[in-house]
Each structure stands twice: as structure tokens, then as C-alpha cells.
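In what follows, a structure is listed as C-alpha cells, so that the remarks can point back to it.
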Amino acid sequence: MTEPGREVIRIRGLNKRFGSTHAVIDVDLDVRRGEVLALMGANGAGKSTLIKILCGVHPADSGTMEIDGETVAFRSPLEACAAGIHTVHQIINDGVVQQLTVAENLALDEICRPEGPVLLSRSAIAARAREIQAILGLDLPLGKAMSELGQAERQLVAIARALSHDPKVLILDEPTSSLSEAEAARLFALIEDLRARGVAIVYISHRMSDIRRLADRAVVMRDGRTRAEFARPLDFDGIVHAMVGHRVREGAHSAVAGSRTVVEIRDFALTPTSAPFDLDLREGEVVVLTGLIGAGKTEFAECLFGTAAAHAGSVTIDGKPLRAASPQAAIAGGVFMAHEDRGNSSLVSEFSVLHNMTLPFLRHFSKLSLVVPDQERRAATEQVADLAIKCPSIDVPIGSLSGGNQQKVVLGRWLIQPCRLLILDEPFQGVDIGARQDIGRRLRETAAGRATLVICADLEEATEIADRIIVMRDFSVVGGHSVDGLSLDALVAEISGTGTHATFA
Amino acid sequence: MSTPSSNPAPNPAAPAAAVQAGAAKSALTFKDFVIKFGLLIILGVMIVVFWRLEPAFANARNMFSILQAVSVTALLALGVTVTLAIAGFDLSIGSTAAMSLMASSYVMVILNQGTLLAVLVCLLLGAFIGFLNGVLIVKGRIPDLLATLGMMFLLLGLQLIPTGGRSIAKGMTLSDGSAATGSFTDAFLALGRYRLFDLIPLPVIIMLVAAVILWVFMERSRYGRVLYAIGGNEKATRLAGAPVERYKIAAYMISGLFASIGGILLAARVGRGDVTSGSSLLLDSVAAALIGYAVLGAKKPNVFGTAVGALFVGTLLNGLTMLNAPYYAQDFVKGLVLVFALLFTFGFASSQRR
């Protein structure tokens, strides 16, 4: 396992489409022995799809992949493992069996081998497990049940199991997302050790501190393409720039200042340790909440919509305290929210466009609890026209629409009735540019009678729709800017936390 | 300090990518036809074959006795359809019906009370059992199959406790040695035995009315829409503002209520609190509801399909009985039909999609 620096994986011109979504576009990527390659990008940038192609979950549509000079095309994760590519997925619990002991987990591949022995001896399993952990110099409690272990130890078990196969490439997907500082430090030490042994490590993370500590090289993906590559010394502002976009659409519109204040947030602390902040959202303005993943954007929105509780602080809507203990209560209080990940959080896949659109407001279309088809259809048809939703009819299943049109249906749903605060969490994920513009246009057209908060990590998208951009970092709002005369550099510095802390306006 | 800008007006360029949606369903292929109408055609063929083999099969009286035999199963199946719609399941319907049968007998024969009270007690009991199921599933977080399985066993035992495990009949000896003074009232027995125009059995009418009401509730009311939405995507439905927990509990209450109506009709027909009467109800009604998935290519639990499914099972069993098929062949045939119906719904449909 010598020759550090030699390429293990060579990817050229890789493409992958899912229906109308072009998830990976013409990607070239090299992974070298004995280096930690940080793969970065916002949600939906194409990282996960690229990784899934690498580890054999999805076949690529076109392009070539070479491992040690040999062209490969994996048809299953098993084939990728056989070729020396091992992955530890983000959700650790998918990679370990809770009910078994640590030793059994370590030896799991041995146990599951079809040609393996029928009867298992405890001592053989323990011996194999000791062998595996010796490779890594670990000292794990072999006899304990997996469920008794902390997150970091589980992670180490999953990694140890992957390493027992002597991998050429180890892919770590967000390994520190649920680890404490001390646990992460233990993991970093292990990764550095592996690097020294010549293993190529692909490290996916949004945490800048991880990247600082570990990465030899960073590749940034955005909208399905690899946008930039950075070598040591890494330019962190440059990385954030590449992730959130360079091209800011200046002058698409000038900022609307907003009239009276609708939402007043005071001394708001999301967690016991995060800094409290104040925030006003005004009628008629579109406010974009931006920040890196893990900055607390969604958590903040969930407090407003009643699916999470804040640690401290008050929220009033039109001067009245908002008491949202559930989405039902939030909607009744005039707060509407379209969640991130429309497939899981918004749409009922068995339902038609019509039925998906009107789901929250059936009461308004009902007489004596019976749905009046005419009223319901009229409301949906209006939204289809206003948002330029492309569908053969409102009765087709929602799944037959493209991602962008599905997202328009989600927005249309919440525009059927007027509200005081409309929250959209990452409305442009998996949405093509045409649909994105339609959504942005409609959002601004309808903004007059309400406050609008859009969560959006991509600054290019953010500046298309925003009157004001507020930045969140470490679960607190750290800055706010009008889009007029926006300084991208100041914004990026605030997002990544490298610049001086701007005072919140 | 705002810099007024020349507005380049981003033109909402129409993305061409989305137009192909749904373009592929122009022609109704043979496969589509089979998936949609297969079960109804088989039902029709079955009736014709039985009629050719045994002409007595097709006279009006026999047709209505098929419907009468089906009505109890159908009522239970309609109830379980609601729980299937929320992607749940109710295994306790059979024993809820049996419980209702024993309870009505107990109220009339042993407590010597009237028809109205007997019916009321059963309905309340059914709804209460459903409520308990719902609470166990929603608040207790027990998986639906397990919660209702537990309830099934619980009820099987519970219904026998008041009488010490014996069937309830007029004049039976009670535990204190005296004879039971009450009896089934004529009005109660009429619920299971009266025939309108001397032809149409009352249970059939009750079942049809219940089916129509449930159809309107599930297909036309906003409540039904939300129930189906919960079955499709519970999280999305909750985030759309629906009180999902209450809906789920209500679904199990409807299931329990329908099962208790089935139990009342059964008690009225047999005229005694027979401890074994309800034994085959669960499987027959679940089969009916699942066969219903295949009716008109619905691929989901639906009221019309369930009614047809119950009719299908009833017709098959009646025809086989008339042809002197042995009793054990009936269960075999039922199982066979169910497996094929499920294959229609899931196997063929999914291979078509890929």
C-alpha cells in the first residue's frame, strides 16, 4: 500500500439522470492514495448521487470509472466492496446491528458469508473481532451490545468493519454529524492513521472545522457539477463561494422594504448554548434565511411551525403571541410552511395534483363535510395557471410531474389561502431553472399581504428572490443585509464565520 | 442608498422537460384491461357457470340468501377497509363481532332487557374497543397488527367470562342455579330474519345502507380524503395541519362500530349467544377487503371494492356448497382467490410500472 499520490479512482465524464433531474453532470474526479479528499456541496448538489455511483448503488448513465487503471461498472454494492471501495454511511445505525454484540458486528461479514460455517462458535467470532480491531489499534468493548455504545464507538465499529476488508478507498459520509468534539477527535486520529497507511479517503462533510483539520484536497459540487478544486493550503472562503455560488443576480429586482411588522421575534434562543437573537419580518418583503447546513435554519423554522420548541424567547404575529404547538395550530394562527424534501414531507404520492394541492384546506371546499368538487377544482386550476404548472390535467398522479412542477404544486397549496407568514424551506432543491424562476416570480407577486421567509443555502437562488438576506450560524442569526448593494464577500465571511461578526441590522 | 437597476426581467422560460408527463396512457392495453376488470369478469363468469351447473343457483331467493350470508362479512370488511386506508390493520374485528353477539344475548337473555338497549350496548362496546385499539396504537406506539392481535385474544377470553364459557340461550341455567328469565325479543330477531317484500333480507338492506354511507364518507367527504392521505404519507398529512392522531383513533372506532353491527346481525340470525359463531369472520372479511384492492384496478383499500370482494367470496362459497363441495375445499378456494387477487393488485401492477 505504498506509492502515495497515485490515483486509485479515476472518473471521467460521469452523468446520471433521475427522470427529468440531471443529478450528476460531466463529473471528473480523481481520488489518490494516502490523501483525504473532502467532497463538499449543499444539499442536492449531487454529492450523494456521485457517492452512490461510486459504491455501486446506482449505475451511471454515461462516463467511465477506473480503479487502479481498470475500467469498472458496478452493478451492486457488493461488487464495489469486492473492488476495494467501502462506505460508511451517514446514518450509522444502518451499518450496524443493534441487537448484536460489538464482536458479532465486527465479524458480521464473516458470519453472513454464504459458504461460512453453519454453527458459530463464540470464541471464533471473538478471535476474528480481536483480529479486526488490532488492525486499527482499537480497544472496543467486544462483549457489549451495540445499543449500549455511544455514537462515536458505533461509528468506529462501522469503520473497523469496513477496514477489515483492507479497502483501497474508504468513503465517509458525514461521519461527525452526530459526534461530540471528543468523539470526533478520536475519529480524526483514526483517519489520519489510515491516511498514513495509504488508504484513499473520501470525506463528505459540511463542517468547515473537519475540513480544516483533515482535508488534503477539497472538491466542491454545485448543481450536479464539480465546480472547483482546492489543494492545501485550502482557501475556505473560496470553498464557501464555490458552494453557494459566485454569480449573484444583481438588479433582478430592487429591495422592497416591507410595510408594517408582522412577525416579531425577541430574545430567541434555539438551544441552551446558542446566542439569543431578535428578528422582525415585515409585510410585503421576502426574507431569505441562509447559512451552511447545520446552522440551525430548519430548526428555527420548525419552532415557528410548531414541530419543535425553542429554548427561550417569544414570537408574536400581528402583536399576538404565536402559540404553535402543532402544525394544525400554526396553520390556524396564520403560519404556513412548505418543508424541505417535498417527497417525504409534503406530497402524498398516491394522490393526484388536485388532491395534493387542496389537502390542508379541504374544509374551505366542503359543505356539510362533503367536498364540493367545483370549488376545489377551481382553486387548484387557478394555481396551476398562476404558477405555470405543466401537467396534462389536475387529475394525474403527482409522481408523473417533474421535480420543478411538483414543487410548484407544493407552493400552490400554500397560496390557496391567505396567510400571515409563509415559510419555504429550500424550495429550489431538485428544481430546474425555469420552474425556479416561475416559483420566484409567483412568490414575489403574492408577497404583498404577508411576511415571507425562505430558507435557501444557495446565494444565487437567494438573491433572485430576496429583499433581505439574513445569515444564520451556530443556531443564531448573525447578520442581515438588503439585496441592494449587497456585498457577497461580507456575506460569505458571515456564513463561514471567518470574518468579523457583523452587527445585526 | 438603493441603486435603482435596469430590470432584465427574468423571462419565465417554459421548461420543456415536464411535458411528457402522462403521455403514455393513451391506449388501454390488454393488461390494463385485465387489471381493471379482471375480477368483475371472473365474478360474472362464476355466476354463469354455477347457474349452468345448478339452475337453482340463479333464482332470486338464492341470490338474496347469498347476499344475506355475505352481509355480516361485508360489514366487518367495510370497517377494516377504513383501517387499511390509513395503512393500519384491525385484527380484532372478528372477536369484536363475537363480543357484540355475546353482549346482545347477555343483555336480553340474562339481564332481561329490551331490543334498543341491547343494540345500543353493542354499538357503544364496538366503538369503545376501536377507541382502545386506536389509543394503544397512537399513544402506546404499539404496531397496529400487534395491538389489534392482542385485543383479539383479550376479547376472545373476555366475552366468555360473564357466562363461564357457555353459550347463552333462552332458559339457560345461571351460575346461581336459577334459570335465565329473558329471551331474544322479536324485534331483535327481526333484524336478522325479516325480509322486505318477503324477499329482501333486512341485514342486506342494513349492509347496503352502511356501505353507501361509508362510500360517501370515504370518497366524497373531506374526512375520507384525509384518512387516505394519512395512509399515503402520514408525515405530510400532519404537516398539512391534520390532527393525524385523532383521525387514526377514529378509523379504529369506525372499524369497531362496523364489527359490532355485524355481530348484532349475526346474533339476530342465529338467535342465541353461540360462542363459536364468529370464528371465521376475521379471515373472510379481511379477504374481502384485500380482494377489493383488485376491483377496477383501485390498488388501494376502497369501499366499493370491499363490497364486491365480499360478494365474490360469498358467491364462490354458496356455489361450491350447492355443488356439494366439501367444507374444507372452501377455505382452500378462498385462499387461492385471495392470492390471485393480490397478485393482480401488486404483482402485475408493479411489473407494469417498471
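Cβ atoms here come from the backbone N, Cα and C positions, even for glycine.
Nobody curates TrEMBL annotations by hand; they come from automatic prediction.
Note on the transmembrane segment (B:33-53): residues 291, 294-297, 308, 311-312, 315-316, 318-319, 322-323, 341, 344, 348-349, 352 of its chain, located 6 or more positions outside it, place their CB under 8 angstroms from a CB of the stretch. What TrEMBL lists as transmembrane segment is B:33-53 (among others).
Residues 93-94, 97, 144, 201, 203-204, 206-207, 210-211, 214, 218, 224, 227-228, 230-231, 247-248, 251-252, 254-259, 261-262, 265-266, 269, 281-282, 284-286, 288-289, 292, 300-303, 306-307, 309-311, 313-315, 317-318 of the same chain lie 6+ residues outside the transmembrane segment (B:65-86) yet bring a C-beta within less than 8 angstroms of a C-beta in it. For B:65-86 (among others), the entry in TrEMBL reads transmembrane segment.
Feature annotation from TrEMBL assigns transmembrane segment to B:117-138 (among others).
Here the transmembrane segment (B:145-162) has long-range neighbours at 89-92, 94-96, 98-99, 102-103, 106, 110, 129, 132-133, 136-137, 252, 275, 282, meaning same-chain residues at least 6 beyond its ends whose C-beta is under 8 angstroms from one of its own. The transmembrane segment annotation in TrEMBL covers B:145-162 (among others).
Taken from TrEMBL, the feature transmembrane segment covers B:199-218 (among others).
Taken from TrEMBL, the feature transmembrane segment covers B:249-271 (among others).
Sequence annotations record features per position, and here TrEMBL assigns transmembrane segment to B:277-296 (among others).
The transmembrane segment feature in TrEMBL is assigned to B:303-320 (among others).
Marked as transmembrane segment by TrEMBL: B:332-349 (among others).
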Other parts of the chain folded back onto the transmembrane segment (B:249-271), taken as Cβ under 8 Å at six or more residues beyond its ends: 68, 71-73, 75-76, 78-80, 82-83, 85-86, 88, 90, 92-94, 96-101, 103-105, 118-119, 122-123, 125-131, 133-135, 137-138, 148, 184, 188-193, 203, 206-207, 210, 214, 223, 227, 277-278, 281, 285
